[in-house]
Amino acid sequence: MLKNLKKLLLAGLIGLSGSISAAQAEVTVEFWHSFDGSGGEALGKIIENFQAANPDIRIDAQFIGNYNDIVTKLQAAIPARRAPDAVIMEVTRYGLFADRGVLMDLTEKVNADPLKDDLFDFAREVGVFEGKNYIVPFNSSTPVLYYNKEIFERAGFAEEPALKTYDDLLAVSKQITEKLGDEGITGIAAPGQFARWGLIMDNDSDLIDSKTGEILIDSPNTIEAYEWMASLVHEHKVASADGVTKENNGRDAFLASKVGIMLNSTGNYGRSKKALGDNLAVRPMPCNKVCAVPIGGAGIGILSSADKETQDAAYKFISFAASPESNAIWFAGTGYMPINKHTAEQPLAAAAVQDKPGITVAIDQLDFARGRPRPPVVTWMRATEYDMWEAMALGQREPAETLKDFADRTRKEAERTN
Amino acid sequence: MLSRLTPYFLVLPLISFIAVFTYIPIASSLNLSFREWDFLSPTMPLVGVENYRLLFSSHEFWNSLKVTAIFALVSVPIRLGLALLVASYLVREVLPSRILRGALFLPSVTSTVSIAVVFSWLFATDYGMINAFLQTLGLGKVPWLQDPQLALGVLIIVNTWKQLGYDIVIYIAGLQAIPQELYDAAAVDGGRKGRVFRRVTVPLVMPTTYFLLVVSVIEAFQVFTVVDIMTKGGPAGATDMLVNMLYRIGFTLFDIGQGSALAVVLFALLTALALFKARVLGRRVHYEA
């Protein structure tokens with residue numbers, strides 16, 4: 001009896017020491033991201049594949065909310081020493097964190113990684129701030145024009161109308177609202193911030209010059225673009241004000257077939273296709289004065305506060321997430337653009353191009369895609385722009401006066417923060 | 001000696017708890033309000049009263065103060081008046097009263113986020129149920145959350161709906177403490193219902209009113225969740241209450257110094273209001289029948 005007990009005790013001790021050494025061998029990377037729905041599913045699959053290939057690394061992926069939520073939570077977590085090891089950061093808003101030394105300088109790691117040569121130029125560029133690499137691209141996007149074919153047909157468009165200029169979009173939106181307004185259908189969704197930036201670029205302007213850092217918020221072409229966007233809601237009433245006070249309301253209304261046109265990130269392709277099926281059409285953004293679209297999306301950065309072993313494990317993961325295999329899963333599942341030159345060779349990506357019409361529109365726009373600025377003041381500017389847009393779109397303030405005031409405040413803030 | 005110290009030992013755990021979660025953060029806010037910090041920089045240079053100067057010279061601060069004061073001045077009397085009225089009908093211990101009390105209390109224990117999301121849908125201009133109902137009556141759509149004249153009113157309605165149940169329950173407890181003999185005596189003297197309510201009920205329920213007034217004014221000055229979910233302070237600052245502004249400055253615009261200065265101002269304001277209420281109203285409160 002005593003012998004058996006000793007044996008059991010010994011076996012238990014061996015088992016315990018084995019599990020302790022296994023637990024010690026495993027590195028856990030706490031990773032904050034902003035993907036739910038189809039994006040969450042695709043990311044889950046990538047993590048599953050990574051963990052299968054790297055059994056000693058565990059990715060503790062946590063959905064935090066949208067890009068704004070991540071910035072807010074991260075800044076509160078840093079002084080509390082509860083920051084994650086890796087985090088998704090939107091391409092225009094990581095500059096502040098890089099500037100303050102919160103994000104690890106990945107230049108050496110990226111230079112030593114064969115992945116560097118596989119990334120498209122536009123994708124590699126989004127990770128560089130002041131000559132150093134701080135994030136590795138994961139989800140890249142441009143805004144595109146989505147429309148609902150059935151709504152177009154019912155509004156009397158037997159053939160696809162021209163959708164090239166501001167005037168074209170307004171004319172189509174007016175016709176839809178006039179014909180189907182009684183059913184609660186409006187012509188166009190009030191553009192969200194990413195689409196607004198795209199429409200400003202289409203008007204041959206920008207908010208901040210990405211090369212010189214000059215504030216262009218009050219330049220004539222930017223004012224003209226905002227005047228037109230605000231008129232959709234306030235003057236012509238072809239876009240619902242609900243989408244102004246809550247950006248996602250416009251997108252949700254489009255998914256519910258209550259809106260004819262939506263200008264939004266290509267990252268919305270997956271959910272739009274799921275909601276509208278064959279009624280979904282995707283076209284390039286308009287070219288009002290010039291053809292230009294902003295590059296958006298996010299990349300994964302590593303926190304300087306993580307220990308070296310965790311940083312190494314985290315880099316292994318973000319490099320894996322940008323590989324052709326992972327990027328194909330991501331592209332096919334969400335509609336975000338491929339960032340890896342070899343993604344298209346993957347059967348999954350090839351099948352998506354074949355079966356999902358419109359998924360390649362964003363890629364086609366890359367010829368005239370523009371990078372966006374990312375100095376520290378951009379975080380402030382983007383947060384403040386929502387209030388400015390709301391005031392203009394709801395007709396409470398004149399665009400010219402609002403943008404002059406906004407530009408002055410942004411210049412002052414740039415002096416303070418940069 | 002030991003017996004003299006015993007009470008202090010007994011309250012020590014609670015005092016420690018309050019110190020850690022209240023007094024230290026207040027002191028920390030006060031310290032940060034004289035510094036420049038963005039949560040990320042390793043240094044926090046002293047800037048003197050610059051944060052207060054910037055705050056008091058900003059249009060946004062005075063707008064927020066005005067909006068918060070309007071919210072408190074309108075919502076608190078509505079809440080207390082309605083609650084007393086409803087409580088006086090539900091004070092009797094009969095089954096329907098008990099069921100109604102439970103139903104009215106339910107919003108108080110429901111998540112504010114859920115309530116705000118549901119009301120956002122209800123009040124949506126083009127896709128909301130309230131406007132859909134108005135349209136069936138042949139009326140036009142009302143931009144509830146987009147019109148600066150209406151948005152604050154909507155928030156007052158939502159906040160009143162959420163808090164009313166709590167006020168009613170507290171009032172019922174206060175009303176039940178009023179001796180029945182006083183009502184009997186008033187009835188013998190031929191007092192009418194309205195007069196009895198004014199002359200007996202209202203004065204004797206004053207301690208409860210005073211308590212609810214203090215609590216609801218503080219609560220009105222600290223409203224945040226409903227604003228954050230439903231309007232984010234808009235349109236054009238029409239619902240930008242002080243705590244919403246504080247959150248925006250600190251957690252969206254990364255200016256912890258100015259955010260802390262606003263927190264200190266809010267604290268001073270609430271303390272001053274509490275002292276004012278104690279001085280002016282406290283004297284009129286009668287705790288004995």
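Every residue, even glycine, has its Cβ placed from backbone N, Cα and C.
Those TrEMBL annotations? Automatic predictions, nothing curated.
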Which range of B:154-177, B:202-225 is transmembrane segment, per TrEMBL: B:202-225
Proximity verdict for the transmembrane segment (B:202-225) and the transmembrane segment (B:69-91), three or more C-beta pairs under 8 Å: yes
Folded-back contacts onto the transmembrane segment (B:7-26), same chain, C-beta under 8 angstroms, at least six residues removed: 267
